[in-house]
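Features reported for this protein in TrEMBL:
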type     : residues                                                               : note
ACT_SITE : Asp325                                                                 : active site, proton acceptor
BINDING  : Lys25, Gly96, Arg124, Gln177, Arg356, Arg401, Lys428                   : phosphoenolpyruvate binding site
BINDING  : Lys25, Ser26, Arg30, Ser175, Ser176, Gln177, Ser205, Asp325, Lys352    : 3-phosphoshikimate binding site
BINDING  : Gly455, Pro456, Thr457, Ala458, Ser459, Gly460, Lys461, Gly462, Thr463 : ATP binding site
DOMAIN   : 16-437                                                                 : domain 'Enolpyruvate transferase'
DOMAIN   : 451-660                                                                : domain 'Cytidylate kinase'
Amino acid sequence: MFAIPFLDLPSLGSAVGSVRLPGSKSISNRVLLLAALSQGTTLVQDLLASDDTRVMLDALRQLGCGVEEDGTQARIVGLGGCLPQSPARLFLGNAGTAMRPLTAALALLGGEYELGGIARMHERPIGDLVDALRQLGCHIDYLGQDGYPPLRIAQADGVPALSLAGPIRVRGDVSSQFLTALLMALPLVATAQEVVIEVVGELISKPYIHITLELLARFGIAVRHEHWQRFIIPAGSRYQSPGTIHVEADASSASYFIAAGAIAGVAPGVKVLGVGLDSIQGDIRFVEAARLMGAQISGGPNWLQIERGSWPLKAIDLDCNHIPDAAMTLAVMALYADGTTTLRNIASWRVKETDRIAAMATELRKLGATVEEGMDFIRVTPPSAPADWRAATIHTYDDHRVAMCFSLAAFNPAGLPVRIEDPKCVAKTFPDYFEALFSVVQTAPHTIPVICLDGPTASGKGTVAAALAQTLGYAFLDSGALYRITALAAIRAGLALEASAEAEIAALVRHLDIRFEAEQVWLNGENITTAIRTEEAGMNASRVSGLPAVRTALVALQHSFRCLPGLVADGRDMGTIIFPQAPLKIFLTASAEARAQRRYQQLIAKGDSANMSALLADLQERDARDMSRSVAPLRPAQDALLLDSTHCTAHEAVQQVLAWWQQRQPFVPSTQG
Ligand SMILES: Nc1ncnc2c1ncn2[C@@H]1O[C@H](COP(=O)(O)OP(=O)(O)O)[C@@H](O)[C@H]1O
Ligand SMILES: Nc1ccn([C@H]2C[C@H](O)[C@@H](COP(=O)(O)OP(=O)(O)O)O2)c(=O)n1
């Protein structure tokens, strides 16, 4: 996951390869609650690991359910008719799929609870559900603003007598989650008599109700419905665990990869695993919408395969009531269409994680699109020519879907990068979304940005480069480590570190199995992190690095570090030889005395003994050798910026490089806060 302030996506090339998607959020949280309400133990497989499932699992634990987690599996011991632990105060983040159903279930189980979440959760309406529960006789109070969480369920003495005889009315045109909440809670009280729910107004998001009904059936509750307006929960209902249940991959998450295939898929295209054409999720019908826009899609029970069909994509005018979440992806696909696309009947966007109609309109405009928005529609006209696209900083409103769908703008024909603010917001449903995207994107190496930091020993290259890579979410190449490893391997093979053994050392390099993992370095399965960090190892590295054939043998390995979304490379010849086209090159120096002092402190801190004057002499000898060798000598690239760190801290050096990097970016700053 990219837990950084912003993620810069370079211009993306073609899309090909396969991707396995995480479990659906809607299914995960429904299954968890149903398992908790059931008699028996349920093994839930392929559960989504995300913020929203986390709050649900924590809440269930607090309520007294047995919860054991193991990777993407959870074992839930249901309450099976016992009362939940009370009183309890539940923090439900921004998870509507936890807040609504838990409110209904706890109101019908009895006890005293407070349910709240983050600030945005307290702006998301719940009044229609509370009204329906109050109509039954439940005692629920608002702790803040009327109609919104946080709530208190005040039934310490048990559930009052409920009026179950007449139909329970709930509005269906605000959020289908209210109906889902009632459908999952009312079987708890449909024991002696059947319970009927009547939807007031047109039911939106029927596909989510379809998921609810399918899952209820898996847990032993067969709900009948009449035209999606009247739902009948039979008398004698009783939740029974199905034993093991598998969570389908999220069909809404599939939409980004379907779109990537439609926009940039080359043969054999993008393969999506974990969800297929027979999915119980309504958002699978995104496939039809993508086909209307020109995508070529085939699929089976648990997979989809997508390639580009018509190009440019075809503009559409579509009622999106049946695919509210995935339709956001259509709004970004519209940027690649041959005309104006209109997405209708999407009023529910206004009350999701953020006001999604406003958010999409604002951000699409930043990219150069012309956008008209209404209470329940959005109309997108793409930039008329590549030159009309803009490099935008996309504000993501703590909304995972905004972050994910706007990543598709990086396929733009203008070759512009896209900045995604707060990329970790994807954790709500798809923590490794960007990693998954990068795994199916082929991008010409020269379009992947590289920041080069070259300079003499102990100038701070490694420290600054690692911090930059961390801040930008880029890969990190410590090229000096490769020379250190080579020297170590050569010594172990009994080779002299000189020209006479040049060919043999170069041959050795081709068979090294090197692995960098966190801060550790592995050679042929052995952890050699400490062994290569001694002063002697540095000197030996300097010796092998003077051998031209060894340098050549290491070139391909160094190039292989250049991967999406970018690379920070530290060494001696990063800017001059290895990445000569890099968009930013820094030559980092410091006085020899300052550097010797730093190395001294570094060694003392490690518990090694050190002598200042010997260190200074060694360092000067190494500088001289690195600068005077015939191949790739240490020197600044012509277009490198010089940074003397003698009198600044490592943090200041990092900030300076970041400032230079920002100055070279084409982004228009975000206007949202
Ligand atoms: N600007 C700086 N000011 C003070 N100390 C620094 C600075 N840059 C790096 N250091 C410290 O100097 C030591 C050597 O830095 P390092 O990054 O290993 O250098 P290099 O990779 O250039 O050999 C480290 O202990 C680091 O924390
Ligand atoms: N790109 C590079 C990186 C390192 N080297 C050589 C020259 C250096 O003295 C050694 C060790 O490099 P390293 O960056 O690990 O050393 P310091 O951390 O700067 O002391 O390797 C090189 O020739 N080219």
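Any Cβ shown, glycine's included, is placed from N, Cα and C.
Overlay of TrEMBL feature records on the structure.
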residue	record	Cβ neighbours (10 Å)
Arg124	phosphoenolpyruvate binding site	19
Gln177	phosphoenolpyruvate binding site	24
Ser205	3-phosphoshikimate binding site	22
Lys352	3-phosphoshikimate binding site	22
Arg356	phosphoenolpyruvate binding site	24
Lys428	phosphoenolpyruvate binding site	23
Thr457	ATP binding site	25
Ser459	ATP binding site	26
Lys461	ATP binding site	29
Thr463	ATP binding site	20
Which one is closest to Arg30 (3-phosphoshikimate binding site) in space, judged by CA to CA distance, out of the binding-site residues Gln177, Arg356, Lys428, Gly455, Thr463? Gln177
Binding-site residues Ser176, Gln177, Lys428, Thr457: those with Cβ under 6 Å from an atom of ligand 2 are Thr457
Nearest to Arg124 (phosphoenolpyruvate binding site) by Cα, among Ser176, Asp325, Gly455, Thr457 (recorded positions)? Ser176
Taking 8 Å from the centroid of the Cβ atoms of Gly455, Pro456, Thr457, Ala458, Ser459, Gly460, Lys461, Gly462, Thr463 as the cut-off, which other residues in that chain fall inside it around the ATP site? Val464, Asp570, Leu588, Ala590, Arg595
Using DSSP and three states only, what is Gly455 (ATP binding site)? coil
Does DSSP put Lys352 (3-phosphoshikimate binding site) in a helix, in a strand, or in coil? coil
For the binding-site residues Lys25, Ser176, Thr457, Ser459, Lys461, Thr463, which residues place their CB under 6 A from an atom of ligand 1? Thr457, Ser459, Lys461, Thr463
Across the listed 3-phosphoshikimate-binding residues, Lys25, Ser26, Arg30, Ser175, Ser176, Gln177, Ser205, Asp325, Lys352, what is the farthest Cα to Cα distance, given in whole Å? 18
Have a look at the binding-site residues Gly455, Thr457, Lys461 and say which one has the shortest Cα distance to Lys428 (phosphoenolpyruvate binding site). Lys461
